[in-house]
Structures are given as structure tokens and as C-alpha cells.
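Residues or ranges marked as active site by Swiss-Prot on the basis of sequence analysis: C408. Under the heading NAD(+) binding site, Swiss-Prot lists 50-51, Q128, 174-176, D194, R199, 240-241, 261-265, 271-272, Y320, G490, citing sequence analysis as support.
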Amino acid sequence: MVKETKRMIQAKKGIELECKGWEQEAVLRMLYNNLDPEVAEKPDELIVYGGIGKAARNWAAFEAIVEQLRTLEKDETLLIQSGKPVGRFKTHEQAPRVLLSNSVLVPKWAHWEHFNELEKQGLMMYGQMTAGSWIYIGSQGILQGTYETFAELARQHFGGSLKGTLTLTAGLGGMGGAQPLAVTMNGGVVIGVDVDRSRIEKRIATKYTDRITESLDQALAWASEAKAKGEPLSIGLVGNAAHLHHEILQRGVEVDVVTDQTSAHDPLNGYIPEGHSLEGAELLRKENPQRYMALAKQSMKKHVEAMLAFQRRGAIVFDYGNNIRQVAKDEGLEEAFAFPGFVPAYIRPLFCEGKGPFRWAALSGDPEDIYRTDRLIKELFPENEALIRWIDIAQEKVTFQGLPARICWLGYGERMKMGLEINRLVRNGELKAPIVIGRDHLDCGSVASPNRETEAMKDGSDAVGDWAILNALINTAAGGSWISVHHGGGVGMGYSLHAGMVVVADGTENAEKRLRRVLTTDPGMGIIRHADAGYELAKQVAREKGVMIPMEDKNEEGV
């Protein structure tokens, strides 16, 4: 196994190229961006977010990827296997420049034990979703989805606002760190628990969290005062949720909403067992990994028991996609799935319309390029009041991490329209450099994850993985700049397959053709996937938008 060497990487900015074209340069800059200290959780270990979600297998592989990208021709394609460059072929100019497959295991061996053995041997890397596919943009990447989730929850249960409510959650890493700001954006008070003080401090630095304390008494006092005044406030509480949630229950504190985004998907590297410090957990993890995992799983069970107790007391409780319910059930907690996942509870209607987390980053590094695209959004979709409100909130609240970037949920037709107009701005010189356009793997038609995105599908097709593979295949055929297929993101080994796409708007006619195709096929997959599962809204959208579904009228007969 190659010995790791610590290094520090920073996102490259400006208009001077290291590579032979902007498309290759875009890949390189987004790889760097994933590992920028402003962006990544543990950049010296190549870990971007989500437990051990990495950008490259090791530093030797990272250096090899960089060298390949610097010399890659505009008609060549580089192949990445779990964070390591393994091949390079001449293809054509409208083919992807990079194709990536991360963490993919044959189903019988798709579990953490086998993955960990392969990783020890230097044969595999965990790519999470956007870590190994080089399109992570920091906590903003999940922020609007989190905001929309809490907004829909507020509409369903609290009259449209979280004002005067208290949300309890845990896990303030790269993904979970969006929760505090999303709650306060919706007017609520939130206590976010994390055992790692440095993670909360990072959220404080980026203005995603307002306050930090190691005292439960202090956290509850702050929360009570803000709740009584109807003022938004986010509090980062240092501690272990498996313990603190039960303590809050014992005190009889009225909690209105409970969820969780700890790294429960990975019982070895993600979740800290109750009663262990970070240092003690690290030592146990190395000395006795089996014991560590057993303790972590028991703590997760206790954590879910607390969530169920809050639900019985009247709180709105939902799973935020980290597979903690499954672990608790495997540990003997039969009622672990008594509370729903966030997708069937709040997000699926958006998926039926082909909507999802559309994102873009300014390769120039100049925030003004993003502010120009913010104005473009308002020019293109003036009737979408929720979208315009989101852009205003993002401009006020979001601190850029690494390369300036923006995210907003756009649907079928809207994504293509936005992409083509961004390309026009680049061509006309209104933006200083090309723009990278991509998305999370958590999208309407790119993931199979029975405990998250595809939980409780209408036709029972939760575990059908074909859709994620078809998404990658059609986006490759359509000419995405880099396309990825991953396994295990969000929920861990054995529980998900998912695909990512990125396309570069460099102002050229070539880019225009690719944007037109990819930004149609990609959200189109969401519509056909949900129409095939029997969702009437998706069928209606398909008819209205002209999305061809050959056997739509046959699907109801089980064909």
C-alpha cells in the first residue's frame, strides 16, 4: 500500500490554464476545489466529507490524476477506478473527458467488511457522492435541498414557518452542517449536536451556525429564550447524540422536530460510540475495529430509540438519509422505521417534475461571476417567487467555500435554459471564465437508494438499480464533461447506487450542443423513472414536456 504524504491543496483561480483546454482545466480545478481547506473536512487525508468520502485514493494517485489531466487532449477520455487513474483512450471531442467509477462492489460482496479489506490493500476508495466525483461545493451544496425540506415540513405541520419551534438534530459535518442555517432560514431554533468541536467551529466560521457550547444547560437556555421570542437561532452543542438526546428527553424539554445527519452510514469511520472522545475513538478504531463497530451500532440503536421517544411525545421526526434506521433495526429495534425518510415525506413531488439540486461554480474564482448568474436566474424565471427568494437568501447568508458557487433546484427545461444562457454569458465576455455545471447524486433520476431517495416507491421498485446506471449511460452518450457511477453514498455499502454528471459551459458551440443534450437527458431521467413507477404527476409532466415514454399506458398493468 502506498504511504500517505500530507499535503495542502487550494482551489486554483484566474484565467491562466494548466491544461490543454478549459474542459480539462475545469476537471482539475474542481478536483483541487474538493480538497481546498475551506471546502474539505480532512483535506490532508484526501477526505472531503461524509466519514471517509475521498477525492483520490492516495496522494500518489492524486498526483497521477493531476498529471494526466494536464496532458489530456480534447479528444481523449481518462478513466478513474475508485480514485486512481487506470486508463486513457482516444475518443472524440464531444465524449466525456473523464469517466469515474467509485466504490462499486459486486452485490454479494457489497458490505463494509469487504470494502474495508480492499481499502486496506489500497484497492478501493469510498467516493461518497460528490467527493469522488469532484463536484462538491461545501455545505451550500445541500443547503437549498435542506432548506426546501424544512420549508415543506413547515407548510405541512406549522402553518408555513418554523418560527417558535425547536428542532433537534445531530451531525454538523459537510452535509449535516447545512441543517442549522436551513432551520433558521425558515425562522426556527435548532440545536445541532456533534462530538467533534472543530466541525461546529467550521460551521460557525462559515456562518451556518450562530453559537457553540459544550453545556447542555446553556444550549437549552439559549433555545428556550429564542423560541419564546420567536427569533431564529442555531446552536452547536458539543457532545454525543446517543447520550444527549436521552438527557433532553429526561428533562421533559418540548422539542418540535427531530432528525439526524450523523455519519451513521459508516459504523467504523463515521459514528463515534457513546462515552468515547474523538481521541479514544480513534485509538479503539485502530486497535479493535470489530469492537468499535459493535459499540457504534449500539449507540445508533440508542440514538434511534430517543428519536422514537420524541415521536411518541408529539414531535415531527424524520430520517435524513444516513441509514441510521437500518442499523438500529439490524441491532434489534423492530420499530426503527416508524418514522419516515425525508424524500417520501417532503421531496418526491419535486422529483416527479424533474427538479433537483442544480449547481454551478465559477472557475475564475471571482464572486462577481456568481452574482451575475444570480441576476440571470431572476431574469429567466421572474415568476418563480420561491426561487427568487432562495437566491436573495443565499446572497445574504451563504459564505462561499473555495471556488464561488451557487445551487438552486431547477426542473426539466429550466436546467437546459439556464445552462445555455450561462454559456452565452461566457461567450459574450460577461463572465471572466467558464462555469462548471453539475449536481448532487441525490437527484430525481440518478439514484437507487431504498432507505433514502427511492424509499417507499409507489410500485415497490425501491431497490431497482437500473435507473442509476441508465442515467450515467445516457449522460455519457449526451456528452457530459465528466460522468461518475458510485456505490454506497449517503447510506453506506450495499444500500445505494448513484450517478453524477458535470458539464462545462465554456462559451463554445461544442459546449452549447452538450449543454442542450445533457441538461435534457439528466432531469428527463427523473421524470421517466417516476412515471414508470406510477406517479401521475410525473406522467402529466412527461406529456406536457414531450418526454417520450414508450410503454406509459402499459405500466399500470405491470408490464
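Glycine too: its Cβ is placed from the backbone N, Cα and C atoms.
Here the features listed in Swiss-Prot are painted onto the structure.
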| residue | record | Cβ contacts under 8 Å, 6 or more apart |
| --- | --- | --- |
| G50 | NAD(+) binding site | Q128, M129, A131, G173, G174, M175, S263, H265, D266, G270, G489, G490 |
| D194 | NAD(+) binding site | A170, G171, L172, G173, G176, I200, G236, L237, V238, G239, T262 |
| A241 | NAD(+) binding site | A170, G171, V193, D260, T262, H303, A306 |
| Y271 | NAD(+) binding site | T262, S263, A264, A296, S299, M300 |
| C408 | active site | Q144, F358, R359, I377, L387, W390, I391, A394 |
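For the recorded site, A241 (NAD(+) binding site), the DSSP three-state label reads helix. With a 10 A radius on its CB, G490 (NAD(+) binding site) counts 28 other CB atoms from all the protein chains. According to DSSP, D194 (NAD(+) binding site) sits within a strand segment.
Each of the binding-site residues G174, S263 was scored by the number of other CB atoms within 10 Å of its CB, and the largest score is that of G174. Mapped onto three states, the DSSP output places G174 (NAD(+) binding site) in coil. Mapped onto three states, the DSSP output places the residue listed as 'active site' in strand.
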